[in-house]
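> The structure under discussion is supplied below as structure tokens; questions concerning it will follow.
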Amino acid sequence: MDFPSFYMDHLAGGRLIIGIIASLHVLINHPLAVGAYPLLTWMEWWAHKNNRPDIDQLAHRITFIVFIVTTTVGAMTGVGIWLSTSLFAPFAIGSLLRVFFWGWFTEWLVFISEVVLICWWFLSWKKVDTPEKKKKHIRIGMALSIMSWLTMALIVAVLGFMMKPGVWNQTRAFIDAMTNPLYAPQLGFRTFFALMTAAVFIWFTAFFFTKKSSARDDRPQRLRRWIVYRMSHVVLVSMLGVFLFGTWYWNCVPETMKANSSVALLTQEFMSWHGQFQTLLGWTVASFVFIALVGLSDIITVPRWALLIPSIMGIWMLGHFERAREFMRKPWVIGEYMYSNGIHKDELAYLQSEGILKHATYVKHREVTEANKVECGQDVFMLACSRCHSTTGLNSVLDKFSAMYGADKPWDSAGMALFIKGMHQTRTFMPPFPGNEKEAGALVAYIQQLRARPETLHGAQTEGITIAPPIKAPAMTAETQPQR
Ligand code: HEC
């Protein structure tokens, strides 16, 4: 309400950008940083203890990939989350920054240390030439692992908070925000998830770094067996952790949000695919377990190509988990405090009786009239719907009404207004309509006009801003002056 709306029609308003950047970030952060650093440090330590330069060399080669990816795409997507959320949901990120100021400030320091440590660790690897130096080098890897886990541990507090702030909604205390009810289970879940996917990632690299063995030289094959065997332990043990913490996590998710889970997983249209979806998830887990069990046995060697399968399945699984988690939180961006469109819970009733246009900053008119109805409707759409729906692009409001009323039938304006005013009751993942009766009518007029002449809506970044003058308060008279 208090910010100009950045908006991109073809990208579901813009939230798709946040989604893509954030998913990519997690996809790099969990398996390649939080999970991989401790496993690679352990490999380095094991190689040192057992005098196995080949393992040390392998750890170094994998670290090279991790180093390049985390310091480029990893760091860029991290900043990208800031940029995209600041543009698209400034009200939410602004509130979160204020609640978590010291947490985020600490995270910033920890992140800088992480970048310094990964550079130091990777770039000094080949310079180590004595056992003493090696020990020191392993300690850098350990420090890096701790820092990397700490960055996640601090950020997970924010994610848990957004879904379920717990007693913070009464106390407004930083410490209560940090220790929200979802914090511990989600942190445990993500820690094991990171280890599991990192082990799967190391399987993946084994495909590239252990070439086919020849009859004379079976070292590559032996090396591959070593990797698969060790990482199989990690996969199986962390799977157990994922399962236990995952169950705890799920039990802490608010019931109203759990009700969103089937739409969250597949969108309304594909809800009937639930069976197939579960089958796919089942196959993903099975591929992890199967390769791990074969890896543990001494009888068969896992073929190189088979090591690629769990990685591909893992990418799908991690991406989908983040999508579902984000969706389930609807209609809130901060649970029981702020709706996804930036409206505070406490100001809702007031806006519904007084009107949102009167109190929003960037609108063309303050009061709906017959002449300005469509323009007002557009502003109401921008304020109330555009954080989730587009006009003609992805998740378009026209498509949604077409699906409900039929694309070739007339849409009854009174019925639409009634739906909009009660949309939160019928579809609990949508926030309540934050405007008055007239504004609901204006929104319907805008949607009807869009239907007649589909037009792409543009955001403040291309259209600029308009600020209608505030409605003048009635002049003070003797009667309205407060009595002393
Ligand atoms: C918090 C995000 C969010 C906001 C804000 C939001 N919606 Fe929705 N809306 C959704 C989602 C998600 C769906 C379901 C999409 C799907 O899976 O098909 C939906 C579905 C709909 C549907 C179809 C309902 C059905 O049963 O098929 C209509 C109509 C609709 N929205 C209109 C609106 C209007 C009008 C506004 C603004 C006043 C609005 N929405 C605001 C998220 C939102």
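Please read every residue number as a count from 1 along the shown chain.
Any Cβ shown, glycine's included, is placed from N, Cα and C.
Automatic prediction, not curation, is the source of TrEMBL annotations.
These came from TrEMBL, pasted as-is:
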TRANSMEM  16-40  transmembrane segment
TRANSMEM  61-82  transmembrane segment
TRANSMEM  102-123  transmembrane segment
TRANSMEM  143-163  transmembrane segment
TRANSMEM  187-210  transmembrane segment
TRANSMEM  231-250  transmembrane segment
TRANSMEM  270-293  transmembrane segment
TRANSMEM  305-321  transmembrane segment
DOMAIN    372-451  domain 'Cytochrome c'
> Looking only at the recorded stretches 143-163, 187-210, 231-250, 305-321, which one has the largest tally of CB-CB distances under 8 Å to the transmembrane segment (16-40)?
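By the under-8 Å Cβ criterion, the transmembrane segment (16-40) pairs most with 187-210.
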> Does the transmembrane segment (187-210) come close to the transmembrane segment (305-321), meaning at least 3 CB pairs under 8 Å for residues 6 or more apart?
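The answer is yes, given that the two segments have at least 3 Cβ pairs within the 8 Å cut-off.
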> Among 143-163, 187-210, 231-250, which stretch has the most Cβ pairs under 8 Å to the transmembrane segment (61-82)?
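It is 187-210 that shares the most Cβ pairs under 8 Å with the transmembrane segment (61-82).
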> Given a Cβ distance threshold of under 8 angstroms, which distant residues of the chain, six or more beyond its ends, lie next to the transmembrane segment (187-210)?
29-32, 34-36, 38-39, 58, 61-62, 65, 149, 152-153, 156, 220-221, 223-224, 227-228, 231-232, 234-235, 238-242, 244-246, 248-249, 288, 291, 304-305, 307-308, 310-311, 314, 318
> Report, as numbers and ranges, every residue of the chain located at least six residues beyond the transmembrane segment (143-163) whose Cβ falls under 8 Å of a Cβ in that stretch; write 'none' if there are none.
29-30, 33-34, 37-38, 41, 96, 99-100, 103-104, 106-107, 110-111, 113-114, 117-118, 121, 177-183, 186-187, 190-191, 194, 253-254, 257, 325, 328-329, 332-335
